[in-house]
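Straight from TrEMBL, the features:
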TRANSMEM  6-23  transmembrane segment
COMPBIAS  45-54  compositional bias 'Basic and acidic residues'
REGION    45-81  region 'Disordered'
COMPBIAS  55-81  compositional bias 'Low complexity'
């Protein structure tokens with residue numbers, strides 16, 4: 001029985017149990033709520049991924065300005081020595 005995994009009649013029994021437990025009138029609302037939650041999760045995941053990519057690759061202008069600042073500090077340190 002367990003060797004074959006889920007067979008189509010197993011899924012039919014699960015569907016019948018869900019309909020009996022929740023009722024046919026509440027199932028569309030539950031499915032709608034699950035869909036809305038999945039969309040929210042997807043958008044939040046996408047936002048986090050974009051935020052992570054932005055932090056991993058700083059803008060080239062920021063890198064150039066920090067390089068110029070460090071070279072200016074080094075030259076002023078050499079001049080004061």
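From the backbone N, Cα and C atoms, a Cβ is placed for every residue, glycine too.
Curation does not apply to TrEMBL; its annotations are automatic.
Worth saying up front: this structure is predicted, and the values here are computed from it rather than measured.
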Spatial neighbours of the compositional bias 'Basic and acidic residues' (45-54) not adjacent in sequence (6+ beyond its ends, CB under 8 Å) are none
Beyond the flanks of the transmembrane segment (6-23) by 6 or more, those residues with Cβ under 8 Å of it: 30
When secondary structure is assigned with DSSP, how many helix, strand and coil residues does the compositional bias 'Basic and acidic residues' (45-54) contain? 10 helix, 0 strand, 0 coil
